[in-house]
């Protein structure tokens, strides 16, 4: 019996220590957006792949890993509990507004997220790197299939103009690109030796996000670039050395090439054009600013029906099409507002408290500016879409709650000159001694 347990522990340890494990698990997470091969079922092959990876990793952690990230696990479990509470309340008061499929999606999302917390604990840098490269690798494959003639080329485009890969709308690709860029920013701040490959990976993210013609991705990259210039300009005025994140260069150049008008109205990169028929098609993500504002206003009105625990999983926000005078239920397309709609004031309070905890820790570690820049792409994108059912959104939130801060603090300390009690930098002391 003892030998059997020893063999089990060795197998579990080999799984957790294998350099391939973070990449396999990361690919399983990224592949959850492959909705075109879900075949209109609740559970498709990618969900089965991710579930199998989670089960194996949980087995390995339970068998040989005594350490647990208790606080993040409690927070994630609390979010899921609030979803279940709101679902139960909806079932008792208005069963028609409850979406069983969305409830299952939330449960599976937090199952994946908690597995990531357990598997990556103490190995966060490896998993951040694996996630970043898995995202950029998948986006490269989609770009290749979209550009090079092949039998799958038509599947790569939404309405023939915007990159969607194997997902079912361009927003998923835009979110992947924004999430990948956030991860790459952290790695670029931390890992000097990997900069060339990080820049290449950021190019895949930037190009893929650009040819989705996603206004959310454009805004996310533009604001991140402006924040970066402002932060490093302030550092320059303070005479504090800091490396610029080169992973922003290619995404910014691709967006400029796509949106900068040239003579006779031409552009360096093609972008899709939104038609009036796409006005209410939020998957198109272009020119729906007025519609989004209406959705946000309607969402705040709708949640008043159950302000404490929310309306439960599912589309709950009414939107009327003026042309046909028909009303449909949608999501608010703003992650914070949608969390309020689904889980009510309790869920919003937990989310705000989590973000406040993250900002407090980053401020204490003196990396608040670097953290803002790093999470800006995925955060800004999520303010124009609902990503609450995306494991990647919650994984990045978890990473920002501690691992990102530790990685950025080490990077910032390596750039910051140490100071003696007399106020002289160590470099100046050494120069004086010479």
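Glycine too: its Cβ is placed from the backbone N, Cα and C atoms.
Per TrEMBL, the features are as follows:
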- 12-34: transmembrane segment (TRANSMEM)
- 46-64: transmembrane segment (TRANSMEM)
- 73-92: transmembrane segment (TRANSMEM)
- 104-121: transmembrane segment (TRANSMEM)
- 128-149: transmembrane segment (TRANSMEM)
- 169-187: transmembrane segment (TRANSMEM)
- 194-211: transmembrane segment (TRANSMEM)
- 204-352: domain 'O-antigen ligase-related' (DOMAIN)
- 217-237: transmembrane segment (TRANSMEM)
- 244-262: transmembrane segment (TRANSMEM)
- 339-360: transmembrane segment (TRANSMEM)
- 367-386: transmembrane segment (TRANSMEM)
- 412-434: region 'Disordered' (REGION)
- 422-434: compositional bias 'Low complexity' (COMPBIAS)
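Taking residue pairs at least 6 apart in sequence, the transmembrane segment (169-187) and the transmembrane segment (217-237) share three or more C-beta contacts under 8 angstroms. Between the transmembrane segment (244-262) and the transmembrane segment (169-187), three or more CB pairs separated by 6 or more residues in sequence fall under 8 Å, so the two stretches touch. Nonlocal intrachain contacts for the transmembrane segment (339-360), taken as residues 6+ away from its ends with a CB within less than 8 angstroms of a stretch CB, comprise 75, 78-79, 82-83, 85-86, 299-300, 302-303, 306-313, 316-317, 331-332, 368, 371, 388, 397, 400-401, 405. Between the transmembrane segment (367-386) and the stretches 12-34, 46-64, 128-149, 169-187, 194-211, the greatest number of Cβ pairs separated by less than 8 Å involves 169-187. Note on the transmembrane segment (169-187): residues 30, 33, 35, 128-129, 131-132, 135-136, 138-139, 142, 158, 162-163, 194, 198, 201-202, 204-206, 208-209, 212-214, 216-217, 220-221, 224, 245, 247-248, 251, 282-285, 373-382, 385, 387, 390, 392-393, 396, 399, 404, 407-408 of its chain, located 6 or more positions outside it, place their CB under 8 angstroms from a CB of the stretch.
Tallying C-beta pairs under 8 angstroms between the transmembrane segment (46-64) and each of 12-34, 73-92, 104-121, 128-149 places 12-34 first. The stretch from 73-92, 104-121, 128-149, 194-211 that makes the most Cβ contacts under 8 Å with the transmembrane segment (12-34) is 128-149. The stretch in closest packing with the transmembrane segment (104-121), judged by the count of Cβ pairs under 8 Å and taken from 73-92, 128-149, 194-211, is 73-92.
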